[in-house]
Amino acid sequence: MAQQSQRPISNRHISLLNRNGLILLLLLALFVILGVFLPLTKSSLFMFPNTTSSSLSPSSSLSVSDWRDYSLAQAVKFVAKNETVIVCAVSYPFLPFLNNWLISISRQKHQEKVLVIAEDYATLYKVNEKWPGHAVLIPPALDPQSAHKFGSQGFFNLTSRRPQHLLNILELGYNVMYNDVDMVWLQDPFDYLQGSYDAYFMDDMIAIKPLNHSHDLPPLSRSGVTYVCSCMIFLRSTDGGKLLMKTWVEEIQAQPWNNTQAKKPHDQPAFNRALHKTANQVKVYLLPQSAFPSGGLYFRNETWVNETRGKHVIVHNNYIIGYDKKMKRFQDFSLWLVDDHALESPLGKLEIYQEQNTTTEGKNLTKIVRKQRKNRGKKHKLP
């Protein structure tokens, strides 16, 4: 009787072992599956939360053809933060200036919302190699060597595409800040975008204004022009912002390139005309000169710089022509950050000149950089 009563218990143990063993095997298999596939999917979702399985996910492993297919809509969705993006348009020779600008933006914690509009494929691949997803090319690609020469047709072709790029972003539903890359951020410009205006911009004048100057659109001068700079613009995705960009596009199209003109056309006069044509329909805000000075004021008027110490937000290296001259002036004023602070940029250290040594322009740029690094000249102290 005792033996018979123990058999069911023994059988029950065996049954439980078999069942538990099966469960353990299933759990082990599940852990193996999760261990292999979950990190891949999780890292993809963590790094690129704005992408979907049906869209192109930015990744350093993407092929050249993939980056060619990367669209503006995908790029803006990837980089946007709080429905806002910061954009610039860059050709390959100006990558060092892009890196310098990015370092200054990184110091203000806004680098992740930056989108580089590459004007040539070399720029597209280089930026996305270092910083996947943060560069997009909107065809057609431009000649990288002629696009950086101020006053050239290549430069005009580059800048004349700008309002259409900005309009496209606005129509996607995003606010956008545009910067030229020969700028340096010293403070956070978003702190100065007060109110609910459609467009914010900076003056390009060297004449000193009072600290409490008007923030309205400047009136036309006696010659019928104003000097608002198209180098730094913030636009909200409003009907007014879109209208301003559409009008700017129309004004540029009305002044096609003509090499015989005494003053070759560029985008800034067209922007000023667009501002005045839409003055009754677009709410605009002129940023304070003390915070957003032109290069003609900041680099040439030491007295004014000292009087406005601590107020400067973005410095524009304009009122000077030439790649090497711009770099030299940044170096003289301790605003060339690339040599000593490259690791603060999302792009890190860029080795780009060796790739251009097969061209005459590439060799010239290499000589410029070597010369500037060897002889920095006397440095001015920042106020």
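Each residue, glycine too, has its Cβ placed from N, Cα and C.
Copied from Swiss-Prot, the annotated features are:
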| type | residues | note |
| --- | --- | --- |
| TOPO_DOM | 1-20 | topological domain 'Cytoplasmic' |
| TRANSMEM | 21-41 | transmembrane segment |
| TOPO_DOM | 42-383 | topological domain 'Lumenal' |
| CARBOHYD | ASN50 | N-linked glycosylation site |
| CARBOHYD | ASN82 | N-linked glycosylation site |
| CARBOHYD | ASN157 | N-linked glycosylation site |
| CARBOHYD | ASN212 | N-linked glycosylation site |
| CARBOHYD | ASN258 | N-linked glycosylation site |
| CARBOHYD | ASN301 | N-linked glycosylation site |
| CARBOHYD | ASN306 | N-linked glycosylation site |
| CARBOHYD | ASN357 | N-linked glycosylation site |
| CARBOHYD | ASN364 | N-linked glycosylation site |
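Residue with the densest Cβ environment among the glycosylation sites ASN82, ASN212, ASN301, ASN306: ASN301, by other Cβ atoms within 10 Å. For ASN82 (N-linked glycosylation site) paired with ASN212 (N-linked glycosylation site), the C-alpha to C-alpha distance reads 30 Å.
Taken together, the residues of the topological domain 'Lumenal' (42-383) have an average pLDDT of 84.
For the pair ASN301 (N-linked glycosylation site) and ASN212 (N-linked glycosylation site), the C-alpha distance works out to 19 angstrom. Taking the Cα atom of each, ASN306 (N-linked glycosylation site) and ASN212 (N-linked glycosylation site) are about 18 angstrom apart.
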